[in-house]
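S.K.: Handing you a structure now.
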Amino acid sequence: MGDQLSAARDRLFDAARKTGVECELLETLKYPQETLAASIPVRMDDGALKMVKAWRCRYSDLLGPTKGGLRFHPSTNADEVQTLAFWMTVKCALMQLPYGGGKGGISVDYKSLSQSERERLTRAFAERFAHIFGPARDIPAPDVGTGPMEMAWIADTIGQVRHEHVPGLITGKPPIAGGLEGRAPATGQGAFLVLDTLAEALGVADGDKTIALQGYGSGGRHFARFAADAGWKIIAVADSGGTAFDAEGLDLDVLDKVKADGGSVVDAEGVESRKSDAILSVEADVLVPAAMGGQITSDTVGALSCKAIVEIANGPVLPEADAALRDAGIKVAPDILANAGGVFVSWLEWVVNRSGVPMSNDEVTKRLTDRITARAKAVAQKAEELDSDMRTAAYAVAAEQLDKALVARGAGSY
Ligand SMILES: NC(=O)c1ccc[n+]([C@@H]2O[C@H](COP(=O)([O-])OP(=O)(O)OC[C@H]3O[C@@H](n4cnc5c(N)ncnc54)[C@H](O)[C@@H]3O)[C@@H](O)[C@H]2O)c1
């Protein structure tokens, strides 16, 4: 078992013990249910053959078919994929979705590939894992490096393999291919709703309403828009090229244009440019990590200058930093709650695909708002009950849900 997974698991186990769930649950979730590893050949544009490593982990299907994204990134490895699949298990339980947790990934510098290399690689990945994916078994979605285009290629490839149209086997598709308009903004929208609902508990209801945002991809970009529309000031945004800063608030239209042209946020006119990791020490009410995991460690926590953290990224705070954050009085809205808008709307997409009954965008927004607001309040209430931080409370609520499923279903043959 990798270090990252075992640290993630300990966080759940500590919280579960506080809330008194059956110890059989902890035994059941000790290891991933199954992880498939493959090496995939890709033909590059210059004719060369390249092998890449890929994984798909189905961590637990206690609550239903496994659900979770696909990450195409050079640092992806088996430990990371299994940890992300574990977090999906906990997140789906917290959100009261009928899903278990899964995750997949390819270790590849996907950004550096041409469009046709990307398509060949994604389709080869889909063929290799086609026997696992299915609407009642394992349902992938986008994560870092992937988006609607990759989801459509995967649905199309598996449709060809199976000689049937099965849109419910993957979510985050473009609307024309069976997706929902509301899926693309859902993660950022959900994170904003969590901030809005928990502002008081996070200690930022009466501040200057300033935000520093790390990562301006599909999660971060939409979050920034919802927050700015509600009167928050986005004073700093970082991407892998650097940090753009403006104390008066950044112009999101300008940032969007620069990103659409393939540039970095620091290329935007009139912004003060800083190094990429400078984002962590920007003085702001709320820091929103929306890039990669492991950004806030026991070494970097001292440099933070925020009152609260809203985690759009998965695992941006290492467990070793939890105590230091508590001591510094920095409250955290944890990833399994703050970034759960995406998987919630993925569930709506799956419901629409499987039932054949359409759903309006207004209905999607209403359902997302109702569910994530209710789950955020449940976490805040549990934090009061346990006298704990919100991460512990969120894990405790999820553990109770998983425990109910285990008691109802039984642990299997023994
Ligand atoms: N997309 C979703 O629906 C979704 C759902 C739940 C969780 N998440 C999590 O949110 C995070 C971001 O996912 P995404 O889908 O927005 O990815 P993305 O690939 O669309 O965007 C990632 C962004 O992070 C930036 N970045 C990368 N390294 C950086 C660094 N060192 N410093 C600053 N910026 C950096 C990139 O430049 C890019 O702007 C991931 O942790 C992912 O697991 C995403």
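Any Cβ shown, glycine's included, is placed from N, Cα and C.
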S.K.: Which of Ser305, Ser346, Ser355 shares the substrate site with Lys67, Lys91 per TrEMBL?
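M.R.: TrEMBL lists Lys67, Lys91 binding substrate, and from Ser305, Ser346, Ser355 it also lists Ser346.
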S.K.: With a 10 Å radius around each C-beta, find which of these recorded positions (Lys67, Lys91, Lys103) has the fewest other C-beta atoms nearby.
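M.R.: Checked Lys67, Lys91, Lys103; of these recorded positions, fewest Cβ neighbours within 10 Å: Lys91.
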S.K.: Among Lys91, Lys103, Ser346, which recorded positions lie by ligand 1, judged by Cβ under 6 Å to any atom?
M.R.: none
S.K.: What residues, ordered by sequence, lie under 8 A Cβ-to-Cβ from Ser346 (substrate binding site) and sit at least six positions away in the same chain?
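M.R.: Sequence-distant Cβ neighbours: Lys67, Ile139, Ala141, Thr171, Gly172, Arg183, Ala186.
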S.K.: About how far apart, in whole Å, are the alpha carbons (Cα) of Lys103 (active site, proton donor) and Thr187 (NAD(+) binding site)?
M.R.: 17
S.K.: Other than Lys67, Lys91, Ser346, which residues of the same chain sit close to substrate? List them in sequence order, counting a residue when its Cβ is within 8 Å of the Cβ centroid of the site.
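M.R.: Neighbours within 8 Å of the Cβ centroid, excluding Lys67, Lys91, Ser346: Gly68, Met88, Cys92, Met95, Leu97, Tyr99, Gly101, Ala141, Ala340, Gly342, Val343, Phe344, Trp347.
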S.K.: Looking at substrate and its recorded binding residues Lys67, Lys91, Ser346, figure out the farthest C-alpha pair and report it in angstrom, whole number.
M.R.: 13
S.K.: Test of understanding: give the count of other CB atoms lying within 10 angstroms of the CB of Asp143 (site 'Important for catalysis').
M.R.: 25
